[in-house]
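TrEMBL annotations:
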SIGNAL    1-20  signal peptide
DOMAIN    83-153  domain 'Beta-mannosidase-like galactose-binding'
DOMAIN    188-285  domain 'Glycoside hydrolase family 2 immunoglobulin-like beta-sandwich'
DOMAIN    292-513  domain 'Glycoside hydrolase family 2 catalytic'
DOMAIN    622-681  domain 'DUF4982'
DOMAIN    696-798  domain 'Glycoside hydrolase family 2'
Amino acid sequence: MMSRFYLALILLVCATNSFAQKSKFNDGWLFKADTANSLNEKALQAKPWRPVALPHDWSIEQPFDGNSPSGNRGAALRGGLGMYQKEFILNNADKNKRIFIVFDGVYMNSTVWINGHKLGTRPFGYISFEYELTPHLKFNGQKNTLLVRAENKQPNSRWYSGSGIYRNVWLDRRGNTFVKNWGTYISTPQVSRHSALVNIETKIVDANNQQTELQTTIYDKNGKAIKTLVQALAVNSGEQSVLQQVTLANPDLWSVETPNLYTAVSRVLVNGKEQHRYTTSFGVRHFYFDQQKGFFLNDKPVKIIGACMHHDLGALGAAINVRAMERQLQILKGMGLNGIRTSHNPPAPELLDLCDKMGFIVMNETFDVWSRDKENTPYNYSLYFKEWHEKDLTDHILRDRNHPSVFMWSVGNEIPEQQGGKDTVGRNITRALVNIVKRLDNRPVTAGMNYTQNDNNLYLSGALDILGINYHHKQWEDLGKNLFPGNKPYILAENTSALATRGHYDMPSDSIRRWAGIKDITKTGNPDYTMSAYENASAPWASTNEEALKLFLKYPYLSGMYLWTGFDYLGEPTPYPFPARSSYFGIVDIAGFPKDSYYLYKSVFTKENVLHVLPHWNWTPGQVIDVHVYFNNADEVELFVNNQSVGKKSKQADDLFVRFNGLKFEPGELKAVSRKNGNVVMQTVKRTAGKAYRLVAAVDRNTINADHEDLPFVKISVVDKDGNLVPDANNTLRYRVQGTGKIRALDNGYQADLEPYSNTSYRKAYNGLGLAIIQASGQKGKISLQVSSEGLQPSTVTIDVK
Ligand code: GAL
């Protein structure tokens, strides 16, 4: 504890004494948008400005709209044309500094002006970029005006993108000599348990004075300074690269279980006076992929069990929030996952910071399309690929290459240029992209391929280090025998695409629904746009979790897999048309409530005792019900209905769970007991719930910081008199906040719910649950949230705001 405090103190002192600093520039912005998709400037000009706080996503504020040009794959939320403006006055002390503005991401096609001067345009909506403001700035109390225009002409995406300045903006004040943005590259070419060689390359701009030096101090995981390296800089009016090296004895290695981090603080000093300070966090680890034996981290075999994740945060839309991302990652860690694929674009930088700290193995992906459109989204990135791919890919790698959580780069997902034959353009592009990456970093490069013929251009390019296979689980056996000849290791870059709605069950559970696109839901599909949460629904090109997991566990050469997806996300509601507007692929629903399959993974991939029974126990007397039990750390499970044993079962051969199918439902109690060597390991009971009687609100954290970002998440359960969850309750929940906070957004996890997420104080529960996301107003104090519903006893939670 002491040592963490020590690092915090050092960094605080740095921040206050430092000549130069980077600070968030999110406050005080005005905004307006025209969501008509015509990108009509005049219509936009006529709109009034209103204040907004960044990060901001204007699409999530719109109503779900079946006529939206985004389609329901874009969550039926509109984009259009948006404009942001910020006025600010600079301190005269900043006059002699170099001042930059950094955008972590603007969706999309942004143009930025300072005081009427155009700084540039950036089409790619997921890339971070900066502009120098220095020559255009005014001082002496004069106003400066920043203007940002963003175009989201739809359709341009296969999923929900969000619109506007949806990530952080920073004002970065640097001295006249400074470390370039993303100007450090810390690599560890030789690592063992006993020693690690650390290379620190630093790009310095404009060292014009004889007495300029770079001081780099390395801090260990406890914040203790362990070494300072000093290098005099050459007088040079442009950019110079400095290499500093240090050998660490007995390094604290980064691993999934102990994600130890080091910090390097680079200080540029002129005549002993600090000009710029730049902090880089890094990790020490080594790894390799073996074609036959899989993945090794620090010489130990590790199976990568990852999830693909889109960037939206459900009810918050695309507007990034660190606590919301951390909550997602905590929930995914809880089911035993250790990997994230940033499908299919560069993530928010904060996501990688969290993955560094929490121990995730990241496949960091750049593109979903190259030069050709995919699935008829005419305004997508392929329009810009030719002109921008080199800059975008370069910036992505430069920004992210110090993160120890990043283990591989993916240059594309299911790129149409895969398909071979005479058309070889995909080979050349693959080589070009891999070359760009290799100039900057030596981590392996992969791509997600769903075309598994030998004439696949990405494979034939010979340039990929790891072949990323999407789906095709029936061919996984062939991977060991070289599906693609050569000696390249494989990774399952994407698999499963199972479909489920939390708490909904279609029987018989052993008939599998392979549903792709359902046009007439009265003939196929469920009239309420639900999918079954047994292991019995998937997209036709894909598999259930059970099918994929059995094979994944069978073949040692499968180094890892990234399932599609960890959470439900906005858009792509396969297989349903509107009003379905968010996906069914998640192991966790969009509100963050686990579906049953969560416990299947947890039983396989964690050591924690698991005993999970499905479905709920509220059916019609006499109805035939299939009961499945996910469990671990035990040899058998015995199931009881109203205390009568209905049998004992053990997993046979490659079974992942046991099925008690065809039970006759009688109201009362369903109990499962797991035993090992005859001793009870766990016991779990589901009772038939009576009428909804009261609400139970539970908050994930009772104390939060007095800022706009430290969001508490409140789960509301609708229960009967005895506290049993009412599994089909959909009562309207009304929320009232008092004190120093407000409701940020409400959710319930239902994929076809058309109530808006924000600017509302009520929302129905779905299958017994609701979610409220609260936001502090900025002042210290207390927040109290009361949830009520007609005829039910209300519930209140209080949160301390410190
Ligand atoms: C994949 C694709 C993903 C998602 C998924 C749905 O082919 O890479 O982005 O569309 O299918 O099953």
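Note that Cβ sites are derived from N, Cα and C of the backbone, with glycine treated the same way.
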Between the stretches 188-285, 292-513, 622-681, 696-798, which wins on the count of C-beta pairs under 8 angstroms to the domain 'Beta-mannosidase-like galactose-binding' (83-153)?
292-513
Are there 3 or more C-beta pairs under 8 Å linking the domain 'Glycoside hydrolase family 2 immunoglobulin-like beta-sandwich' (188-285) with the domain 'Glycoside hydrolase family 2' (696-798), counting only pairs at least 6 apart in sequence?
no
Under DSSP, the domain 'Beta-mannosidase-like galactose-binding' (83-153) has how many residues in helix, strand and coil?
6 helix, 39 strand, 26 coil
How do the residues of the domain 'Glycoside hydrolase family 2' (696-798) split into helix, strand and coil according to DSSP?
0 helix, 57 strand, 46 coil
